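Encoded as structure tokens, the structure appears first; notes follow it.
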């Protein structure tokens, strides 16, 4: 670069150019137009040569600066000059220094971008702070909710403990009063006949006083017993509600219905053992003895069974009835819908799905009642030697069944229900799909029905037939029903009965002409292919036309 600059200085082109300009200025008026043009062109050529040399020096200097040096200088000096020169040349105007350069434009755009960027950053910071505040608020609300829940749990536990403590105190007072009453009414063992004769007159007024005191004490004892029964009923109901809530929370974590039913049965037995301390210890010992083997015989625990108190079955029946009603309601609202979802994967028709679930529920109740009868017969045979001539034999049998509900073989009942459904002519079902899909639902219904037979009086479902007159006291109409139709087209869910009283309404679909449609559907239906549980090769006509001993509620249902 230094050599090129030295050559440019040595040629003295700029000095000669200055001389030519001065000569041209002196002779401009005397020269012709051609001569002035020649002078101008010579100067332009000379300036172009000098510019070429200067651009060469500029290129060399820029190369010596590397990739990044000199970039800002070129942008700030060369590019604006070129822009102004080309603009002036295109417009035919001289170069004006007041025209904004590219550098100014770049600076303005850079400032605008920085302002926009700062504005966006501030907006993002504000949004981030708002989100953080909301998150902190949610965390505070969550902490407060947890504290409130913990306080509620503590209060409920304290109230339960206080109730149990009060019950224990009442029991102690009752025992003391009974002991005093027995000691007062106990006859003296060694009394001479002389003292009896001499003290008769003294004993008569004392006996009258004692009778009055005994009556007052008896009234107090009756009051204490009433209070005790009331507290036991309240504790039983609270324990049942607690077990129901625990069962719902465990089902929301998606366990199987079988495990839910077992957990509920254990929770009922625990609440029952709290309300009855004497028999509770025996029931826990029986459950520990039988937990090792589900198929153990009832005779293994005959020696541990004791006669229950008169109020025991009544008190426990209140809690168990509330829990079973809640389980039956949950089966309708949750387990039934889950079973419908499973069947709708294979069946498109909603009517067929609802018929299948209703028939499964009816068959499950029938099989569970039969299993309860057989189980009760076995318990009677096992307990007969130890309760010969006892008046509390039936209470002892029922108490043993209540304490050992886990001995019920629900899987065998599920297999029986599936066999009965396979030969039911009302179900038109694809042969490639099996009713084993409903095993969990059927098992839950069987466990509920079996436990309902231990109540006094037992609970059962109402008899329902297609084409019957719709009873508003037993059923509610489904959403897709014809609300003016008087006949039932088909049943969705059975009604729950206690003797002749309706406890829970069922659900039915009503349509006009339901009776004739149901008759046609029965005549057109083909027989079902049997479940893999019962192979075809072993099932003959005797299995299909088998007879059962129907319950009074199911005596009108046809059997095929």
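Using N, Cα and C of the backbone, Cβ positions are placed for all residues, glycine too.
Copied over from Swiss-Prot:
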COILED    118-186  coiled coil
COILED    223-248  coiled coil
COMPBIAS  181-209  compositional bias 'Basic and acidic residues'
COMPBIAS  248-262  compositional bias 'Low complexity'
COMPBIAS  263-293  compositional bias 'Basic residues'
COMPBIAS  300-310  compositional bias 'Polar residues'
MOD_RES   13  phosphoserine
MOD_RES   85  phosphoserine
MOD_RES   156  phosphoserine
MOD_RES   159  phosphoserine
MOD_RES   307  phosphoserine
MOD_RES   309  phosphoserine
MOD_RES   531  phosphoserine
REGION    1-294  region 'Interaction with YWHAG/14-3-3 protein gamma'
REGION    178-217  region 'Disordered'
REGION    243-316  region 'Disordered'
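Cβ-based neighbour count (10 Å, all protein chains) for residue 159 (phosphoserine) stands at 11.
When each of the modified residues 13, 156 is scored by how many other Cβ atoms sit within 10 Å of its Cβ, 156 comes out lowest.
Here the CA atom of residue 156 (phosphoserine) lies 109 Å from the CA atom of residue 13 (phosphoserine).
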